[in-house]
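Right, one structure below, let's go through it.
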Amino acid sequence: MTSCSSSSSLLSPSYSLIPQIHTRSSLFLGYYPFNKTQQGKLILLATLSFCTRNVEITSNLVHNHNEIIPKKPFRESQVLGHEDNGGLSTTLHKIETIIEEDKRDSEQLRVIDSVAVEQIKRIENYGRGFTNLQDFNNLLMGLVKEDETGCAVKMFDEMSGYSLVPDSKTYSIMIRCFCKKNEAEKARGVLDEMVKNGFHPNVVTMTILINSFCRRGKLKKAVEVFDIMGKIGCEPTVQTYNCLINGLCYVGRVEEAYELLMKIKKSPKKPDIYTYTAVMDGYCKVGRSDEAMELLEEALAEGLKPNVVTFNTLFNGYCKEGRAIEGINLLDKMKKTNCVPDYISYSTLLHGLLKWNEVEAALRVYKEMLEIGLEVSERMINTFLRVICRRSWTDQKLLIDVEQVFERIKDSGLIPYPNTYCMVIQTLSIGGEAEKALANLHKMMKLGYRLRLITFNAVIRALCKKGMIDEGFLVLVLMVSGNIRANKLSYNLLIDEFNRRERWLDACKVYGVALKRGVVPNREPERLLEE
């Protein structure tokens with residue numbers, strides 16, 4: 001970075017070049033329209049301290065500057081041309097142009113010359129403040145958009161130090177700022193001051209404030225703001241009504257939300273799909289999915305195109321009501337309207353189908369997810385596998401699906417939960433796959449899982465049925481060596497099989513092991529051997 005040292009002489013002593021700059025540092029010179037720098041790009045800016053009476057914004061803005069480090073050396077530099085007039089806005093416009101050009105050449109080094117620095121330095125001059133209110137508002141908006149709301153509040157509080165008086169735009173920015181900080185009450189205070197000083201906010205600002213109150217369930221406060229809109233002649237939009245409908249549904253006042261929807265339909269303003277979706281969500285949350293479905297049909301009749309959120313709302317409603325199977329028809333309807341289901345659509349439906357034991361339908365949804373490249377979460381696929389395991393005990397054809405899902409878990413790097421692993425071994429045992437059950441038993445123990453007694457007994461039973469009595473006996477040995485207390489069933493299974501094969505000595509051995517461990521089996525060797 002030799003070019004940095006050679007160029008630093010262009011800057012006044014109170015400024016320093018920053019070869020590694022945090023993405024948010026572009027706020028100093030770039031204002032809110034500027035794009036953030038990306039990996040491999042470097043925009044060389046001047047460190048600028050916005051000093052007011054007792055406030056230094058720089059310390060809040062510059063941090064973690066090592067996040068962006070260019071991978072390649074810069075080959076050339078470009079110096080911003082001199083321009084004696086135009087002020088701060090012109091300089092910032094030139095910087096914005098350079099940054100836009102930098103998108104096409106990520107290896108160019110941009111340097112701001114001394115003239116540009118002197119122009120920007122006016123901001124720092126306490127006596128004169130900003131050159132104009134527009135520059136102040138632009139920087140204030142930039143801070144808010146970059147989530148530097150604390151710095152924005154400090155700038156606003158120290159505004160008098162710049163000899164500036166807030167205008168409508170300033171107040172609107174601060175209302176947005178406080179809403180972003182989840183401080184709707186303070187935003188309302190700014191609104192009151194704004195109206196008191198003779199400024200009228202636009203509908204966007206009012207809608208933001210209404211939405212902020214509604215999201216916190218403060219519907220009364222939201223309605224008060226809505227009433228102010230009428231008093232100052234600010235015409236609400238459909239988006240404004242959508243916020244109110246969401247607020248009504250949030251507090252469970254679904255009937256009022258529906259009435260408001262009907263009023264909008266009768267007015268010159270027509271509801272959009274978000275209006276319908278908000279009311280549908282309210283119905284689904286109170287167990288009235290059928291009425292939500294009627295609203296969907298009504299929206300389609302109005303020529304509106306439902307989005308994925310609209311359908312996901314219905315999926316959620318059906319699943320909560322125990323009617324997940326109806327989600328299959330809804331999924332088909334969704335595709336017919338050219339609305340592509342997303343991960344939430346499938347996972348919500350799959351979860352509901354599993355919860356209500358709709359295994360065949362769940363299998364269909366699962367396979368469809370894999371076909372379109374969606375992965376099931378680790379928790380979901382473990383639940384799914386346990387459900388089809390239980391169903392396979394009475395439906396043998398599902399055993400293949402059990403094995404396929406289990407292999408997919410292992411191949412995709414997911415971790416089978418202990419209870420899932422045990423259930424798979426039990427399922428293989430019940431399905432007559434004794435060798436596979438035994439192999440997974442050994443692997444599970446090798447991986448450090450602790451098996452349940454019921455799993456060991458299932459494997460012993462499967463091995464005995466398969467005629468693999470010696471392997472069954474070795475499983476008992478594994479239990480003893482692993483300090484797993486076998487119960488009567490464990491010993492009974494082996495004694496019965498040894499008796500059936502007339503291996504009286506082995507039956508006696510198993511019986512003796514049981515007695516030594518304090519267990520009295522229900523089965524005994526059929527013949528007592530003489531010495």
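Glycine is treated like the rest: Cβ placed from N, Cα and C.
Feature annotations, courtesy of TrEMBL:
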DOMAIN    355-494  domain 'PROP1-like PPR'
REPEAT    167-201  repeat 'PPR'
REPEAT    202-236  repeat 'PPR'
REPEAT    237-271  repeat 'PPR'
REPEAT    272-306  repeat 'PPR'
REPEAT    307-341  repeat 'PPR'
REPEAT    342-376  repeat 'PPR'
REPEAT    452-486  repeat 'PPR'
REPEAT    487-521  repeat 'PPR'
Distal contacts, the repeat 'PPR' (272-306) - CB-CB under 8 A, six or more residues away: 238-239, 241-242, 245-246, 248-249, 252, 254, 257-258, 261, 264, 313-314, 316-318, 320-321, 323, 334, 337, 339
Other parts of the chain folded back onto the repeat 'PPR' (342-376), taken as Cβ under 8 Å at six or more residues beyond its ends: 308, 311-312, 315-316, 318-320, 322, 324-325, 327-328, 331, 334, 383-384, 387-388, 391, 398, 401, 405, 412
Confidence summary for the repeat 'PPR' (487-521), mean pLDDT rounded: 92
For the repeat 'PPR' (452-486), distant same-chain residues with Cβ under 8 A (at least six beyond the ends): 422, 425-426, 428-430, 432-435, 437-438, 441, 445, 493-494, 496-498, 501, 503, 506, 510, 513-514, 517, 519
Surrounding residues of the repeat 'PPR' (237-271) on its own chain - C-beta under 8 Å, 6+ positions past either end: 203, 206-207, 210-211, 213-215, 217, 219, 222-223, 226, 229, 278-279, 281-283, 285-286, 288, 302
Positions whose Cβ lies under 8 angstroms from the repeat 'PPR' (487-521), at least six residues beyond its ends: 453, 456-457, 460-461, 464, 469, 472-473, 476, 479-480, 527-529
Positions on the same chain near the repeat 'PPR' (167-201), where near means CB under 8 A and six or more residues out: 133, 136-137, 140-141, 144, 147, 149, 152-153, 156, 159, 208-209, 211-213, 216, 218, 221, 225, 228, 232-234
